[in-house]
Amino acid sequence: MAEKRNIFLVGPMGAGKSTIGRHLAQMLHLEFHDSDQEIEQRTGADIAWVFDVEGEEGFRRREAQVIADLSEKQGIVLATGGGSVQSKDIRNHLSARGIVVYLETTIDKQVARTQRDKRRPLLQVDDPREVLENLAEIRNPLYEEIADVIVKTDDQSAKVVANQIIEKLGF
């Protein structure tokens, strides 16, 4: 890779953005960042606390700032939060500052991968499947809008998906 390009991973909760992102960064010798982890580091609190205290709006404000800051770096792999694409500013930053890879997965896989995870505030409801379906209806077209590459993550290891991304990007 001659120039240090950024790779931004977008997709729904449970698509594997963080896990695949770590593999991808390691394989390409790039720095890895996770926008949710960065928010937690900057606030000194976990995402659930930020949602409880500041609401989703407060969380989204913090997320927009973190992604704006991180996307200015060069040579990174960034795993974004599933809802970050709902911000036009974030979509513009990602599109302008790197390669956007949409990690696509089914609702069934999302449910299976997130069902025991208590760190996902939007899923702490009686019917998380319904929430995931509603979010997919809103967010999937936005992921597709900004994606340079789409890769399905169902039934594949993170390493296999990372290799597919590298192959599709021609690195």
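Positions of Cβ are set from backbone N, Cα and C atoms, glycine also.
Here's what Swiss-Prot has on this protein:
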- Gly14, Ala15, Gly16, Lys17, Ser18, Thr19, Arg120, Gln156: ATP binding site (BINDING)
- Ser18: Mg(2+) binding site (BINDING)
- Asp36, Arg60, Gly82, Arg139: substrate binding site (BINDING)
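Features per Swiss-Prot, on structure.
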residue: Gly14; record: ATP binding site; contacts (Cβ under 8 Å, 6+ apart): Thr105, Lys109, Gln110, Val111, Ala112, Arg113, Thr114
residue: Ala15; record: ATP binding site; contacts (Cβ under 8 Å, 6+ apart): Gly82, Leu103, Glu104, Thr105, Gln110, Thr153
residue: Gly16; record: ATP binding site; contacts (Cβ under 8 Å, 6+ apart): Leu103, Thr105, Arg113, Thr153, Ala158, Val161
residue: Lys17; record: ATP binding site; contacts (Cβ under 8 Å, 6+ apart): Leu9, Val10, Gly11, Asp34, Ala79, Thr80, Gly82, Leu103
residue: Ser18; record: ATP binding site; contacts (Cβ under 8 Å, 6+ apart): Asp34, Asp36, Gln37, Ala79
residue: Thr19; record: ATP binding site; contacts (Cβ under 8 Å, 6+ apart): Ala158
residue: Arg60; record: substrate binding site; contacts (Cβ under 8 Å, 6+ apart): Gly83, Gln86, Ser87
residue: Arg139; record: substrate binding site; contacts (Cβ under 8 Å, 6+ apart): Pro12, Gly82, Gly83, Val85, Gln86
residue: Gln156; record: ATP binding site; contacts (Cβ under 8 Å, 6+ apart): Gln164
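Residues Asp36, Arg60, Gly82, Arg139 are recorded as binding substrate; their most distant pair of Cα atoms lies 18 Å apart. Every protein chain shown contributes to the tally, and the Cβ of Asp36 (substrate binding site) ends up with 22 other Cβ atoms within 10 Å. Taking the centroid of the Cβ atoms of Asp36, Arg60, Gly82, Arg139 as the substrate site, the other same-chain residues with Cβ within 8 Å of it are Met13, Glu63, Thr80, Gly81, Gly83, Ser84, Val85, Gln86. Neighbour density for Gly82 (substrate binding site): within 10 A of its CB lie 22 other CB atoms from the protein chains shown.
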